[in-house]
Amino acid sequence: MASTFNIPCNAGTIKNFNNSQRNLGFSSNLGINFAKTRFSNCGDSGRIPSQLVVRASERRDNLTQQKTGLSIEECEAAVVAGNAPSAPPVPPTPKAPSGTPSVSPLSLGRRPRRNRTSPVFRAAFQETTLSPANVVYPLFIHEGEEDTPIGAMPGCYRLGWRHGLVEEVAKARDVVVNSIVVFPKPDALKSPTGDEAYNENGLVPRTIRMLKDKFPDLIIYTDVALDPYYYDGHDGIVTQHGVIMNDETVHQLCKQAVAQARAGADVVSPSDMMDGRVGAIRAALDAEGYSNVSIMSYTAKYASSFYGPFREALDSNPRFGDKKTYQMNPANYREALIETQEDESEGADILLVKPGLPYLDIIRLLRDNSDLPIAAYQVSGEYSMIKAGGVLKMIDEEKVMLESLLCLRRAGADIILTYFALQAARCLCGEKR
């Protein structure tokens, strides 16, 4: 067959057809035989005309059809005469099982299943994607040298900050997970006012400095809250009557955020749910010269029962009462808009919903009402349920894991904090390689 190319009239003169490949810029792997190149209306000038007709070579590297033995010219003549070589027959329509009723086709103007018939179609029309860039890896750290397993979270450990943590971060980076969030377990350093939270030589600042030294481009999120440092396990300072003090707690949180930023944190993440903390932290960071440090606010953090394994990991269960006076009621929907508006006005850079999968409607609500990036936290209870189901062979752990993360993305999450980050990224990279 012949192919026609439109080319500029002022192209250089062809001195030798054997050099046409170089002059015209065609690569040799195109299967074009330039010895059989036919130029139309060249005249005697030797100049390349504005229209070039090129015949394909008879060579085919991957030809699987049976050869007819005819030349290209003979094949073309046969087609013109209506004697084209026969193509494979149309495959027969699959037979229905015996007993299938005979019915007239439904009169449907649209059949959505047509766009699902092929893996190629399904991939082309996929609306939501998931990649390692969409996940943030939460990591638990402690002062010890050894990595200790967390019983309620299979596959998760309290990592020794000098060795185990570095190894885990290196594994994550191997599969393009370059964002982490660290949660400390400062065993014997709890106090009534959580002062260890802003100790610049404390576990978290030391860890940040070490990681930034080893992995300068690593994005480090930090947790801003007092519960790991407060002996009663609450996220704020508590009065003698068990009341969580808001403004006094915010004062401590500002010092904690500045200490983390000074150590090199990229994103500070207040998870305490105190009123006004985002604006106060933003002002404190800016005053200290850290205007480029982002704030990911736990905007809609619910008083959920899905946090149990996490609290075991950090030994941060409340010693009395619960956290319902500052975390949101799981029954509430519109309240999330109030928190969204407040956090946006106070200078938040990222809005987070926690937990994740049980609160897809809240993720979508924030996505539809804010232009800021939305984060979702697939919390410890969600992780442990999937792990347990996989161990008991009740579900396919890998497929459910990936589906759950894809659902969070579909609901509107730009990034997902998930303990599956490393496992999921390995699966995703394996699928694409």
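For all residues, glycine too, the Cβ spot is worked out from N, Cα and C.
According to Swiss-Prot, the features are:
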- Lys301: active site, schiff-base intermediate with substrate (ACT_SITE)
- Lys354: active site, schiff-base intermediate with substrate (ACT_SITE)
- Arg311, Lys323: 5-aminolevulinate 1 binding site (BINDING)
- Glu339: Mg(2+) binding site (BINDING)
- Ser380, Tyr419: 5-aminolevulinate 2 binding site (BINDING)
- 86-95: compositional bias 'Pro residues' (COMPBIAS)
- 83-115: region 'Disordered' (REGION)
- 1-56: transit peptide (TRANSIT)
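Counting only the Cα atoms, the space from Lys301 (active site, schiff-base intermediate with substrate) to Lys323 (5-aminolevulinate 1 binding site) is about 11 angstrom.
Taking the C-alpha atom of Glu339 (Mg(2+) binding site) as reference, the shortest distance to any of the recorded positions Lys323, Lys354, Ser380, Tyr419 belongs to Lys354.
Each of the recorded positions Lys301, Lys323, Lys354 was scored by other CB atoms within 10 A of its CB, and the lowest score goes to Lys323. By a simple count of nearby Cβ atoms, those within 10 Å, the most crowded of the binding-site residues Glu339, Ser380, Tyr419 is Tyr419.
Take the Cα of Lys323 (5-aminolevulinate 1 binding site) and measure to each of the recorded positions Lys354, Ser380, Tyr419: the nearest one is Lys354. In the three-state DSSP classification, Lys323 (5-aminolevulinate 1 binding site) falls within coil.
Per DSSP, the secondary structure of the compositional bias 'Pro residues' (86-95) breaks down as 0 helix, 0 strand, 10 coil.
Residue pair Tyr419 (5-aminolevulinate 2 binding site) / Lys354 (active site, schiff-base intermediate with substrate) shows a Cα separation of 14 Å.
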